[in-house]
């Protein structure tokens, strides 16, 4: 049944969020550190394990895949509920600081991507 | 008319499904018929979403009672749930391979953002350590900004600027990622892990990658989700102390 897949996703999600908040508490900040990341790792791990056991059948997986296909509409809804006016009313500092720092970090992507890329033919 | 309003008000989330469905449909039709697929439908849909946000205030379009359900659909609960679900299509070996690069990207992203953000704040008239750190933290994410500002006791207008900076970053990332993706070689899971760590705004990273190539989303989200925590940890402590040691 599809609900088994949704339930598996829910248990990974909640456990991940719990771990994220626990980590936050341990470090002394009242926020979620990497909850989504932990949840993703849990989901990947448990799906590999359950598939090996033969318990994760396609019908169950459909419950997870449905939510995975819903994220684009959700992102559209999220974009429509952002505080865009505040972004522009924060003044020139906000616009400059937001854009310049982000752009600089984007330019670092090709530099840092080289780390751990063990391609057989390194480009010269 | 009253009955229609009552039905929608009571079933806001369901109406949001219908509304977003229409936005997606129109965006894909525009992409296919008018632009011959030159700009992906997803990118147009996200841009349409951003433009719709101008109709409202703090909560974007959700400030209009008819569209209140959009805040639930676009809220962090559904967003995180759906993003976690995308992990099903992620390749664990690629994540392992990019692990080290991802961690370095996280540290580099936070540090570069701090250095540049504080410098910009200084040259634009915010010369005290508290304001510089808070504005730079906002350039991290719109959550790190107010958390740092509150911890350091920044004034409310500086905190507002830091939130605005963070939202600006999210919007800029959303629009710019698909445009710049090819030039920064953001076309594989490895680069997406690095990208998520460097940029860190989960909403911007996820939206930007979705508009670029849907397959990259889980990889970017995986590292981005650690950024806010790392930022909340470093900005009010190490980075602030660093500025005071430098004499600001």
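Using N, Cα and C of the backbone, Cβ positions are placed for all residues, glycine too.
Summarising the annotation, TrEMBL assigns domain 'Malonate/sodium symporter MadM subunit N-terminal' to B:4-245. Per-residue pLDDT, averaged over the domain 'Malonate/sodium symporter MadM subunit N-terminal' (B:4-245), rounds to 87.
Under the heading transmembrane segment, TrEMBL lists B:12-30 (among others).
Packing against the transmembrane segment (B:39-56) from elsewhere in the chain are residues 23-24, 26-28, 30-32, 62-64, 67, 171, 174-175, 178, 207, 210-211, 214: each is 6 or more residues past its ends and has a CB under 8 Å from a CB in it. According to TrEMBL, the transmembrane segment annotation covers B:39-56 (among others).
The feature transmembrane segment is assigned by TrEMBL to B:62-88 (among others).
The feature transmembrane segment is assigned by TrEMBL to B:100-124 (among others).
The feature transmembrane segment is assigned by TrEMBL to B:158-180 (among others).
TrEMBL lists B:192-212 (among others) with the feature transmembrane segment.
With a threshold of 8 Å between CB atoms, the same-chain residues lying at least 6 positions outside the transmembrane segment (B:224-246) that come near it are 106-107, 109-110, 114, 118, 129-130, 132-133, 136-137, 140-141, 143-144, 147-148, 151-152, 196-197, 199-202, 205-206. Per TrEMBL, transmembrane segment is recorded for B:224-246 (among others).
Contact counts against the transmembrane segment (B:62-88), taken as Cβ pairs under 8 Å, peak for B:12-30 among the stretches B:12-30, B:100-124, B:192-212.
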